[in-house]
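**Q** Pasting a structure below so you can have a look.
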Amino acid sequence: MSESADFGFLKKWPFGVLMASQTLLSLAGIITYYCTAFKYEGTGFVITFLPFILVSSLVNNVIHVFGYHRKIISIFGHPAMIPATFLVFITTVISFVAACISSLILTINFIDSLRFSTRLIVSYAFFLIFILLLAFVCGKLLILLFRAAPNGQIRQLTQVVIEGERTAKFTAATSTTTTTTTTTTTTNFV
């Protein structure tokens, strides 16, 4: 076990919870797909990208939970680190686009399922809800990661470390961090 492991990472809002939600919602989508009695055309696209999201989010979560995103390794005498935040951003962009396309496909399938049995309607309703929630989670995570990028430059995410509820800038040479807190504000209009 790593001494820098953070086993409470997945419970921290917003980054930990959103990254855990990616894993759980993609797993729920896969289970729902295989429990559905009838497969429409187009659901092949959906089931093709769901395992990608599941595996990539599992890998990203393991990297963050066990603290590998903060480790400095030496490659041929030069310090290097895993650009975990940049990897999360790239996989989330792909996941967001795929989830948006899939939600359109599943909306059409759900509307078409209304003329069949209740079991099929319920299956596609849950399938659509899981994919819509997955698209929302990926979109929210993308917005937070873009806001955490220094000067709005995505390539600078290689120097940013996700700590669960905030991000920090990580410099490999001095191994110091500068904390940046991400806050979410809610406005109620009456």
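Glycine too: its Cβ is placed from the backbone N, Cα and C atoms.
Below, the features straight out of TrEMBL:
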- 12-34: transmembrane segment (TRANSMEM)
- 46-68: transmembrane segment (TRANSMEM)
- 80-108: transmembrane segment (TRANSMEM)
- 120-146: transmembrane segment (TRANSMEM)
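On this model, are these features tucked inside or out on the surface, and what's nearby?
**A** The list of residues near the transmembrane segment (46-68) in space but at least 6 beyond its ends in sequence, with Cβ under 8 angstroms from a Cβ of it, reads 1-7, 9-10, 16, 19-20, 22-23, 26-27, 29-30, 33, 82, 84, 87-88, 91, 94-95, 98-99, 102, 105-106, 127, 131, 134, 162, 164.
Long-range Cβ contacts of the transmembrane segment (120-146) within its own chain (Cβ-Cβ under 8 Å, at least 6 residues beyond either end) map to 14-15, 18-19, 21-22, 25-26, 28-29, 32-33, 35-38, 46, 53, 85, 88-89, 92-93, 95-96, 99-100, 102-103, 106-107, 109-110, 113-114, 152, 154, 157, 182.
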**Q** Same chain, outside the transmembrane segment (80-108) by at least 6, Cβ under 8 Å from its Cβ: which residues?
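**A** Contacts with the transmembrane segment (80-108): 19, 22, 42-43, 45-46, 49, 52-53, 56-57, 60, 63-64, 68-74, 124, 127-128, 131-132, 134-135, 138-139, 141-142, 145-146, 148, 154-155, 157-158, 160-162, 167, 170, 172.
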